[in-house]
Amino acid sequence: MLWCPSVLVPLIAVAACLPVLAIGTPLEWEFAITLKSKILFVDEFWRTLASAAHEFDELSALTFDETEELIYFNDQQHRNGSIFSLRRDALMASHIAEQAIQRTGNESVGGLAYDPLNRNLFWSDTLQKKIFFASIDSKVTETPKVLVDLSQEGARPDGVAVDVCRRKLYWTNSNITHPTVESIDLAGTNRQVIIDTDIDMPRGIVVDQLSDRIFWIDDLKGVFFALKSARLDGSDRQLVLHDKHHEPLNLAVTNDAIYWTDKTTKAVWSHPKVPIVKATTTTSPVKAEEEDATETIPDIEPEPVAEVSALLRVANLSEEARGIVARTGFYQRLQKDEHCANIVRKVKERLDLMTKKKQMRSLVDEKTAQLERDHCLNGGTYIADRVLCICPTGFKGSRCEIRECHNFCVHGTCEISDRAYPKCYCQPGFSGERCEISKCSGLCLNGGHCKLEDISEKPSCECPHNFAGERCEQNSTEICALFCRLLKHEADIYVPFGCHDICEELAKDASDKIAIPQYHHLEVCMTPSPWTSNVIIVLVLGIVSCFFLVAVIVHGFRRLYKPKRPRIRKTFVVRKQARTNSSGDTPLTNRPLATEQCEITIENCCNMNICETPCFDPKLVEQTLAKSSNCKEDKKILIHNMDDDLY
């Protein structure tokens, strides 16, 4: 990579000529890394875009102001200045470095943080054991103020981080006798120790506004180190990574990963923000093709793999890696966040006010202003004095020309989430962050066809001939060949019945190695049985039909020849008068006797309730018997005579 010689200007302003890159705009870089003698800018694929600050000798910490596209960094050996600002010019393809904080003595900056609302810089001094802050709007010669003095406590402040939304400062105390993680309001009040147990030597720390958590590096005893996280109040502590043979210094977080610099390997490493129980350092190095070369990630379609190492070496560097920052999209991602929306609005108002103060333009400037307003696409806000666009939700790029959902979901529908990140809703049969993983991918072997269930979407395989199993992984030809080879040596071995044809085919080419199994009654087994299911069904239906027909015939005969209701048979016995009434008989002492006494014997009188023998008029009975009457008329006559002729 070719660089033009740098030119020194007053206030240590430096303009380094860079070759004009096709992607050389300020918003193209995603990570900035401080090496010993320069700052390296890389894109999201860790390809080197540019470098800057070559005139410095001992760089360490750095921080990034996304509102004004400024990087603040520290030089440990500069005579006059301690902290500097770096601005990249997109049009000139150059950078300008200016002194921001004057050196006050033999100081050593451990961590650096920036508050975009009040435009204050915060840094820790590991030698003086204090945390300082200063406004970048103040004079360079103005003495910084002390926010926290830890010199009397024996503490050693190391990493610092600003919670812009909740107006707090977090720092790590790396004193091995009593290490802590503490917080304080940016106004200097309400100091709290949020973590003081199960910690050895905390180093770099960062606040993740997207997840409302803090992440820090813990340099453990021996050769071990750990990445840990907790909520902003210190609760819900999690171990993200525990590994060895690293000397990490500073870290940065993005939406889904953590990145840190390692002095031992001179590299940048990454790991997912999700806690992993166990991880092993990857041994696949990234080859450096030239100075400060980084790994180029090929632009290929990701494929599902069985297992991927969580720890990744993303960049090999030619010098010792120290500080690192990442572009988080703070003003785009947190416009709707309940804690950050007010801060984002105030920062935008301040930027608009700064822009309005400088809008004293001529007619030529008005034409230029129109071009500037058209510079930001899709409703982006143009910051004139910084030559950058603040994009609305769902867009990115130097001119907000890139729609984040464009080609993001491979097999699904893309929507912008509440966090302003693209989110995919996958089609049936696909999964993954971008719906790039097919449930059928690599499932069916040996030419099997994969299909999905309609409801459960569970994949299954339709196997070709001579293959079986859930994934068509079982080759029946190979299995049968094994049985038939064993049969050649052991005649009594059992061979599955389906292997007969396969072994017979294989024996044509290798008859000396393959034996054909002989089955008893093979012809009978091969001949299809006549008692198939269709025959059985027809036979059963015939038998049932016969039984039904017999039942109908029997019922018809019973209805036809059903016996009639039994008739009531009557027997009449007529006798002469046995005795005459005596003078003492009265109707109350003896029943009156007719001239002739009658007696009736009734059989089969199931429908009558006659408790005593009634008397009948013999003449009436004779008339009745002479007539052809039915049972009902007989009953009426009997009952009538009982009621009328009892006495």
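One-based numbering along the chain as shown.
Every residue gets a Cβ built from N, Cα and C, even glycine.
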_Cys440: disulphide-linked cysteine among Cys435, Cys444, Cys450 [source: Swiss-Prot]_ = Cys450
*Of Asn106, Asn581, which one does Swiss-Prot label N-linked glycosylation site?*
Asn106
*Swiss-Prot annotation: Cys463 disulfide-bonded to which of Cys472, Cys480?*
Cys472
*Pick the one among the disulfide-bonded residues Cys444, Cys450 whose Cβ has the fewest other Cβ atoms within 10 Å in this structure.*
Cys450
*Which number gives the other C-beta atoms within 10 angstroms of the C-beta of Cys472 (disulfide bond), all protein chains shown included?*
21
*Near Cys391 (disulfide bond), how many other Cβ atoms are within 10 Å of its Cβ?*
26
*Within 10 Å of Cys461 (disulfide bond) by C-alpha distance: pick out those among the disulfide-bonded residues Cys376, Cys389, Cys400, Cys440, and say none if nothing qualifies.*
Cys440
*Run through the repeat 'LDL-receptor class B 2' (167-211) and tell me, per DSSP, how many residues are helix, strand and coil.*
0 helix, 23 strand, 22 coil
*Mind giving me a neighbour count for Cys461 (disulfide bond)? Other Cβ atoms within 10 Å of its Cβ, every protein chain shown.*
21
*Mind giving me a neighbour count for Cys389 (disulfide bond)? Other Cβ atoms within 10 Å of its Cβ, every protein chain shown.*
25
*Quick one: of Cys400, Cys440, Cys463, which of the disulfide-bonded residues has the smallest count of other CB atoms within 10 A?*
Cys440
*With an 8 Å cut-off on Cβ-Cβ distance and a minimum sequence separation of at least 6, pull the same-chain contacts of Cys376 (disulfide bond), or say none.*
Tyr382, Cys389, Cys391, Arg399, Cys400
